[in-house]
Structures are given as structure tokens and as C-alpha cells.
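Read through the structure below, which is laid out as C-alpha cells, and then see the notes.
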Amino acid sequence: MSIISTRLSSIKPSPTLAVVKKTLELKKAGVDIITLGAGEPDFDTPDNIKEGAIKAIKDGFTKYTNVEGMPLLKQAIKDKFKRENNIDYELDEIIVSTGGKQVIYNLFMASLDQGDEVIIPAPYWVSYPDMVALSTGTPVFVNCGIENNFKLSAEALERSITDKTKWLIINSPSNPTGASYNFEELENIAKVLRKYSHVNVMSDDIYEHITFDDFKFYTLAQIAPDLKKRIFTVNGVSKAYSMTGWRIGYGAGSKTLIKAMTIIQSQSTSNPCSISQMAAIEALNGPQDYIKPNALNCQKKRDLALSILKRVKYFECYKPEGAFYLFVKCDKIFGHKTKSGTIIANSNDFAEYLLEEAKVAVVPGIAFGLEGYFRISYATSMEELEKACIRIEKTIDVIPA
């Protein structure tokens, strides 16, 4: 009898973290690798947030807090939703967890029974399907390639709904594509949802503040307040405030769900870090004037990467509205031989080829559920990004047509 549960047998470690691990190993060995695989901002946590954490330490704020998050932080989150999204939540409709990932995990653990279906547009963030599977749910994938602007249409959604559908996942702006749903697209999705009262929606808004070209961000509960009780909104401080390591995420939804998720959290991690919670209060309540400049900086990096990669004969690029990723179509290169005679058969082969020949780390598209693509993160310096993209271009140029 194996000591490892059968439930875990189909679950794999995060492929994006695997890329980072391999890259770090190569760097340690002295190889000049440029990493375009990590999904975190390259700017530092703002000083006022750091000072908020330091003050918490000096004040001895190092004890347990409420399992579901301290009231002061939940009030800051409540105020944020009202101020930025015009959505009203009560404190008992909000939960704070150790990162957005735990919020989502708690949600599915608390709400899914065996056989419940979760509609996941592909490409998707790598953790969605495995968290659904760990919660005994069934992921239902809907391919949304570059021809669909990487977004789920209302028609495709309706075709995917069955009597077993319990959740739909919407991630906007998206990881791995940066694609973002506008008002009309969300309204069309809401029209479908009004026909199917058994379908709930998880709206993952973690990249809310990283949008480009005057794109106007909307979240579903803001557009369809009549569906609010069926919508669970996930957000956090990781991306907008560059606090990935501080591990504070939050979610808002029905009191029934929050109560159930709190039970899950009480038997796993208990409360999020007290010091990080105080830092998050400062993030949400403090100055917000660095958010737009950081987004503009990301936009400049997007434009730089696009200007180079669009020149590559085998690539097709989508211009994302947000986040800090490009999801590049590369299937035209499949079947071609490298200069060493190796055939590139899929996105894994292609990512391996770039790592070995260009010395650039990217993530294969299959990791996000859609073959024929690769993802780069442009959350790095302009100099490193330009160098990496030129390396990719030159490496592909030597492959015979």
C-alpha cells in the first residue's frame, strides 16, 4: 500500500515553478540564462507597506488573529470594493487567506462534491484544474485560442453548461494571455448565467490594476449585481503592490460560502500572517499613486516584446490588454528540425530548445492547457527583456523554413 493517496496521483507540481527551478539550477552552474517564466512583478514592495509591517513587528502584533482575517483588514477590503468596483459587501462576506491561491482552494474544497463540473476556459492558470480535482470536482475545458482573442464567448459558455455545472471560472486580465473581458463581453456572459440559476462564477481579478491602453476594468459582480449572490470574487495584494511573498489574498461572496471556507481554513493554515495583514491594510488604505506608473511601465515592456517577437516568421502574437504576459502562437515551427537535427514536435520541445540554444526560459503552452503556444513574462528589466527577445528571434531565424 502506497503512503501517497490515490487522490494525489494525477496532481503534478506547478509547471511554471518547475521552469523557475530548472533555470535557477542552470544559473547556479554558471549558465547565462534569462528567465521569462516567473509570474511576479519586478518592482519592489512600496516603502510605506514595508513600514506598516515593521511597525506591526515593533508593536508586538505577532499573535493569532481571526481565522478569516482581522476586522481592520476586512474593512479595508470592503472599502476597496466600494471605492474601486462600486460593490457593497459586509464583513462576514469577506475572507482573507494566505494568498489568492488558498482563497480559491478553500472555495472549491468548501463547495464541490464528486462529479460537480467547473468550466475552465483554456488557456488557464495552471493551478485551477488541479485544485478542482483535489476537491473531487471535474474540470471542463473550453478551448479559447488566439482566434477567440483567448476569451470565452457567451455562445461557447452556453454550449458547455450541463446539469452538473457548479462553477465557471473567469480570470481577467488573464494569466497566461493577458486577455481581458470588456463590459459588453461580461454582460453577454451574465445574460447566459441568468438562464441557469445553478451555475456560480468565480471571478479571479488578481491582475485588476495592471491594464493597458486605457482599458477599463470591470468585474462581473459590478456589471451584474442581480447575480452577486452567485459570484465569488477573488483578489489580493500580490500583483498591484508587488507583495507575492507576503501571501495575502482575499475573496468576497455569500455569507454561507465564507462560513464554510472559514471552517476549511481553520483546519489547515488558520489565520494569515498577522504582520502581512497589517502590511495589506497599509497597501489598500495608503497611497495608490504608484499603481498607474507601474502599469504604464508594464505596457512599455509589452510593446517592446511585441515589436521584436512579431518579426519572427513562425510566431503569431496577441496584444494583451493587461497582466504581464505574452502567449505566443508557435505551432508553425512544429515539425521543423533544429540545426542539430532535432525535430520540434510540441511546445515542451520548443521551450526546451529555447532554454538550450537561446538560453531563455519560457513556459510551454501545454502547461496552461493549450498546445501550440508558449508564455513569456515580461516582468523583468527592459534591458533583460530586449536581450531575451532578440535571443529568441536569432535562435528561430537559423531554423530552416
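Positions of Cβ are set from backbone N, Cα and C atoms, glycine also.
Swiss-Prot annotations:
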| type | residues | note |
| --- | --- | --- |
| SITE | Lys12 | site 'Important for prephenate aminotransferase activity' |
| BINDING | Gly39, Trp125, Asn175, Arg375 | L-aspartate binding site |
| MOD_RES | Lys239 | N6-(pyridoxal phosphate)lysine |
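Everything Swiss-Prot records as a feature, shown here on the structure.
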| residue | record | CB count, 10 Å |
| --- | --- | --- |
| Lys12 | site 'Important for prephenate aminotransferase activity' | 10 |
| Gly39 | L-aspartate binding site | 24 |
| Trp125 | L-aspartate binding site | 23 |
| Asn175 | L-aspartate binding site | 25 |
| Lys239 | N6-(pyridoxal phosphate)lysine | 25 |
| Arg375 | L-aspartate binding site | 27 |
- Would you mind reading off the Cα separation of Lys12 (site 'Important for prephenate aminotransferase activity') from the residue listed as 'N6-(pyridoxal phosphate)lysine', to the nearest angstrom? 25
- In angstrom units, rounded to an integer, how far apart are the Cα atoms of the residue listed as 'N6-(pyridoxal phosphate)lysine' and Gly39 (L-aspartate binding site)? 9
